[in-house]
Amino acid sequence: MATDMQKLIGASEEDDEEEMEMDVKEEDDEDEENGEKHIAAQMMMGVDGVMQSTSSSGQFQHHQQLQEQVSTPGGGGARRSRPLEEKERTKLRERHRRAITARILAGLRRHGNYNLRVRADINDVIAALAREAGWVVLPDGTTFPSRSQGSRPAAGTSAGITSSSSQMVSQPTPPTSLRGVSSGYRTSVDYNACRMKGVFMPTPSPYDLSSSAHSQSSGMVGDGGEQTESLPLIAGSMEAVNNKQVIDLPPKLPEHDFAGTPYVPVYVMLPLGIINMKCELIDPDCLLKQLRVLKSINVDGVMVDCWWGIVEAHAPQEYNWSGYRRLLQMVRELKLKLQVVMSFHECGGNVGDDVCIPLPHWVAEIGRSNPDIFFTDREGRRNPECLSWGIDKERILRGRTAVEVYFDYMRSFRVEFDEFFEDGIISMVEVGLGPCGELRYPSCPVKHGWRYPGIGEFQCYDQYMSKSLRKAAELREHSFWARGPDNAGSYNSQPDETGFFCDGGDYDGYYGRFFLNWYSQVLVDHGDRVLSLAKLAFEGTCIAAKLPGIHWWYKTASHAAELTAGFYNPCNRDGYTAIAAMLHKHGATLNFACPELHLLEQHEDLREALADPQGLVWQVLNAAWDVCIPLASENALLCHDRIGYNKILDNVKPVNDPDGRHFSSFTYLRLSPLLMERQNFMEFERFVKRMHGEAVLDLQV
């Protein structure tokens, strides 16, 4: 394998050299053409000099000499010698630049774990770095910040985010942004929780502003009265000072005082590609420095993915844990804790994925001969992101069932790192149960064309899932029900466009209830089987399962996006109680990604998709608290501002909960250079203190 990679890298470097020579040749042609144009321009200057010579005899002599230089053979040779020398220098510069580029590309392929094509150029490198920083790069090169980052202002201008239908509030961050400048102001939508009866609901947060209020906007005017930029008035006013108009912002929003509240541990998720495909730790010196900085602000620990596709990559039951051992030793030296994720899915192709880590090679080989080991949609498209739950008990993975493969992997990890379990360094093991490590069907695959807020599609058409459905239909003595819905639309349909999910649709008929009950029960049974083995492998250590926040179409009767993902949660049924009961059976923690979708630019999307993130959060939380299982959480979106942190705090530590319930831990997503920037890190340190129940000096009450 290493030899093949070297050949690929070598071939790439040779290709780059060939392309370099072609480009240099093109530049040579351009240089010759430019030289001719230069001489022609000088001739025109000579002519102009003669025509304008009546005003000065000195100017006439100068232009006459210049004209003679151009017209005589000796003069022409002297002028053309310079372009030849410049061409040689250009060739050398270009060869040097190309050689550096080739080495950068080879190094990134070999050590950086970047998913670059064989004949990648500098554009691919720039795109990979931009995606790693959280930007979106389209195939045509168009680049813009992702929604998790919000809008970025142009250089040299005051920052601001405009909206036609959302009120904007001042961000209680640095004093420099309190007058005339806005920097990343965000709000939350006004959530509707009318359908939740008899359950705890929090009082409205001061950060949840009505989305129906209109933002005010005006221009900022410079010294000369010229309008320089149109910016929103951030719930403030404008006044004239020294012939300038300045925005006066209102006082900071009040914050809840979390001093003296229960201590909630804070973990930081490490980058996805911290371990490369050879199971080597990437840049350990840089990571050690970052971990020391996190330790200095009393972060409790870090979380890392243990990728199945890296550890058991080449052959069944041949495990390579070397890179993870190095990481664990580093964590222990700094007296931090570690949460690990048993990642039985591939990385790449989903939002936020900046590296490519496929399933093990030997599993992919089985999939080529038997593609039914993967989830399949109605059109027969396979999704190799994870294994189908239909093979949980099928011995088709070199003599083992899928759950046996998962158990052997978890047991190997437990034996390999026994000392770290005994010392309490590993505080929790999260078990991957589906795509992105979440307990759900891969109903919304971007690679198959899904885009938010599409309802997704059912994933039950591989032969093993079809066999399970047929068996369930026969038990009900309705064998004609052994099929998936034929009127459920496609990935990007809306509920009212389908006969199955529309109001009064087939989802609530006899067949619909049978199918959805079977579909959701397969999800619960899969979680039950894998967690029972995880509990056996990690006895004495906390285990956890992760649930996603499928919040779009939550305000419709059918909750179509939740149904295709496996959560049987229409308006007349609670689809999360069965999952909570299953987790309670195994003493597992529920890790729920709080969809704190308070970003300003997403308000319109939330309304159009009839979404209710906050209503979903409290439904899931109440289902978990009703059976007394611990709750952990992580942020669903990138967060660096105080309003975002305050929203997370309100979810993790509900201030008005009558029983004083709160989350057991919180994981921040994720460690990056952006987090380490001075202002962002200061806000994060303040957030950690408040999660720990400590007092902060600049609290606005």
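Placed from the backbone N, Cα and C atoms, the Cβ positions cover glycine too.
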**Complete:** TrEMBL record, region 'Disordered', of the ranges 207-226, 487-506 the matching one is 207-226
**Message:** Give me the DSSP three-state residue breakdown of the compositional bias 'Basic and acidic residues' (82-91), ordered helix, strand, coil.
**Reply:** 10 helix, 0 strand, 0 coil
**Message:** Validating a neighbour-count step here. Other CB atoms within 10 A of the CB of Glu634 (active site, proton acceptor): how many?
**Reply:** 19
